[in-house]
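Comments concern the structure below.
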Amino acid sequence: MSLDEKVFHEDVQEEKVLEDLGYQQELKRSFGLLGMIGFAFSIVTSWTALGGVLIVGVESGGPPVMIYSWIAVSIFGLAVGYSMAEMCSAYPIAGGQYSWVAVIAPPKIARGMSWVTGWFMIVGILAMGATNNFIGANFILGQANLSFPGYTIERWHTVLLAYLIAFISTGLNVYGPHLLDRISRFILIWNILSFVIVVITILATNDHKQPAKFVFSDFQNFTGFSTGFAAILGLLQSSFGMCCYDAPAHMTEEMKNASREAPKAIIMSVYIGAITGFIFLISVCFCIGDIASTASSTTGVPLIQIFYDSTGSVVGTCFLSSLIVVIVLVCANFLLAEGSRSLFAFARDHGLPFSKLFATVESKRQVPVYAILLACAVQIALNSIYFGTLTGFNTVISIATEGFYLSYAMPLLARIIAWFYGDAKTLPGPYSLGRWGIWMNITGLVFLVFTSITFNFPTLAPVTAGDMNYTSAAIGVIGLISIVTWFTTGRKNFTGPQIGGSVAVLEARLGEKGRLDESLDDKTVAPEMGLDART
């Protein structure tokens with residue numbers, strides 16, 4: 001089989017699966033495996049994400065909590081990642097988690113459970129985009145403060161710069177969607193090289209490294225809570241660092257051979273993130289100076305302070321920080337792309353107000369322009385929280401992480417419920433966990449529920465109105481809106497994947513593959529082959 005015929009074969013299969021789930025192929029399939037790994041890892045980018053929220057770990061237990069919680073979160077994250085990869089392989093739809101729930105859950109609760117999942121998923125993705133914009137703004141302003149000590153960072157400076165990052169990302173997503181795959185491959189190389197440069201530089205230049213006891217056993221607690229409670233709070237940093245690995249699932253309708261390549265991208269992003277994050281944390285913890293002064297750095301970014309304490313050079317620090325800024329800015333573009341595709345998919349299933357508008361795909365560029373604009377508007381609204389409260393940054397981090405984790409938990413819960421009631425469906429994709437699947441689901445669900453509870457705790461004591469964690473209120477409002485809108489409009493209008501017939505189509509896919517291979521090899525494919533003849 002020639003390369004052209006193979007690509008045609010793969011695209012035909014993916015489009016047929018999509019069609020039998022009730023959708024037409026509208027987005028352009030341009031991503032390959034390498035590009036999607038770059039896309040996913042640039043969003044996960046565990047080491048830069050950990051550096052961006054280092055203040056959380058520094059205050060809540062210090063180095064031991066950061067390192068050991070990272071190991072635990074990475075292991076449990078793999079259980080979740082493998083579970084999601086299996087579902088993504090069977091149902092490669094841009095809706096991701098909520099689409100899987102619609103197919104996997106018992107019929108009586110499938111649509112309602114899918115609806116709630118969709119709301120949590122979208123809020124998590126959009127809040128993560130807003131958080132990333134915060135991190136980018138903090139790194140840029142932190143370098144300005146380091147270079148010009150007389151400059152004082154104000155909250156409104158951070159918010160306005162976060163707005164600018166969102167606007168730039170929107171422009172690239174609307175006018176340059178054809179560049180995303182190329183940027184993905186470039187940023188994968190940039191990401192890994194930057195990681196190597198940063199780690200080697202700080203270890204080589206730092207001449208006052210901390211002893212091993214400080215890194216692996218000395219507990220640091222600046223929260224005001226008990227030791228055990230502070231350690232639990234420290235999970236937020238690691239959980240934030242190991243998140244967003246569902247990104248390939250939302251881009252499957254723009255991938256070639258998505259049912260095979262998207263699961264690989266999910267798993268690879270978790271493994272690469274776990275390894276780079278672990279090495280980065282140990283390196284930073286050995287090079288960290290005084291914990292209190294690092295946490296209260298005038299740059300607002302403890303990692304920048306660590307770079308400066310290690311190198312003793314403003315230029316060197318800005319160079320290392322700029323490597324991260326490039327990654328964060330690219331990540332902003334990809335998170336906006338992921339968020340807009342999720343909004344597009346949910347609107348396509350009549351899950352949003354004005355669904356027809358947000359499900360529209362611009363024919364020339366083949367992107368959902370209105371969904372992109374909506375994603376930008378929501379990110380800006382979330383960034384605006386920082387105007388009103390000093391803990392706004394941590395609140396948005398918690399909303400983003402919990403939104404993601406709850407949306408991850410729902411398809412796992414759906415499959416466990418179906419299994420318990422004897423209604424479990426076989427996931428017939430090329431990537432299968434076999435009999436280990438249900439145990440991965442259970443392990444992942446327990447982890448996700450536990451961490452989701454901890455995201456609602458206040459991070460400082462004594463708790464005041466200004467220090468309160470409003471995540472529980474925000475998540476409660478989101479849950480309430482999803483339930484109310486379900487009974488008012490969703491129950492009547494929300495469709496989800498067309499489940500009738502889709503299971504049979506998916507189960508037959510492997511058998512069809514062999515027959516289609518023979519047809520292509522023998523060059524007997526009928527020239528009139530259309531959507532209805534693609535099996």
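The backbone N, Cα and C atoms fix where each Cβ goes, glycine too.
Since this is a predicted model, take the numbers as computed values, not measurements.
Features as listed in TrEMBL:
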| type | residues | note |
| --- | --- | --- |
| TRANSMEM | 31-55 | transmembrane segment |
| TRANSMEM | 67-85 | transmembrane segment |
| TRANSMEM | 116-136 | transmembrane segment |
| TRANSMEM | 156-175 | transmembrane segment |
| TRANSMEM | 187-205 | transmembrane segment |
| TRANSMEM | 225-245 | transmembrane segment |
| TRANSMEM | 266-292 | transmembrane segment |
| TRANSMEM | 312-336 | transmembrane segment |
| TRANSMEM | 369-393 | transmembrane segment |
| TRANSMEM | 405-424 | transmembrane segment |
| TRANSMEM | 436-457 | transmembrane segment |
| TRANSMEM | 469-488 | transmembrane segment |
Legend entry - Contact between the transmembrane segment (67-85) and the transmembrane segment (405-424) (at least 3 Cβ pairs under 8 Å, separation 6+): yes
Legend entry - Leading contact stretch, 31-55, 187-205, 225-245, 266-292, 369-393 vs the transmembrane segment (116-136) - CB distance under 8 Å: 369-393
Inset, instruction - For the transmembrane segment (436-457), find every same-chain residue at least 6 residues outside the stretch whose CB is under 8 Å from a CB in it, and list them. - result: 73, 76-77, 79-80, 82-83, 86, 229, 232-233, 235-236, 239, 398, 401-402, 405-406, 408-409, 412-413, 415-416, 419, 424, 427, 469, 471-472, 475
Legend entry - Per Cβ pairs under 8 Å, the stretch of 225-245, 369-393, 405-424 packing most closely against the transmembrane segment (156-175): 369-393
Legend entry - Proximity verdict for the transmembrane segment (312-336) and the transmembrane segment (187-205), three or more C-beta pairs under 8 Å: yes
Legend entry - Range from 187-205, 225-245, 369-393, 469-488 with the greatest count of C-beta pairs under 8 A to the transmembrane segment (266-292): 187-205
Legend entry - Other parts of the chain folded back onto the transmembrane segment (369-393), taken as Cβ under 8 Å at six or more residues beyond its ends: 126-127, 129-131, 133-134, 155-156, 158-159, 162-163, 166-167, 169-170, 173-174, 336-337, 339-341, 343-344, 347, 357-360, 362, 399, 459, 466-470
Inset, instruction - Could you pull out which residues elsewhere in the chain have a CB under 8 Å from any CB of the transmembrane segment (225-245), counting only those six or more residues past its ends? - result: 40, 43-44, 46-47, 49-50, 53-54, 56-57, 60-61, 65-66, 69-70, 72-74, 77, 81, 84, 125, 128, 131, 219, 266, 269-270, 273-274, 277, 335, 338, 397-398, 400-401, 404-405, 451, 454-455, 457, 459, 461
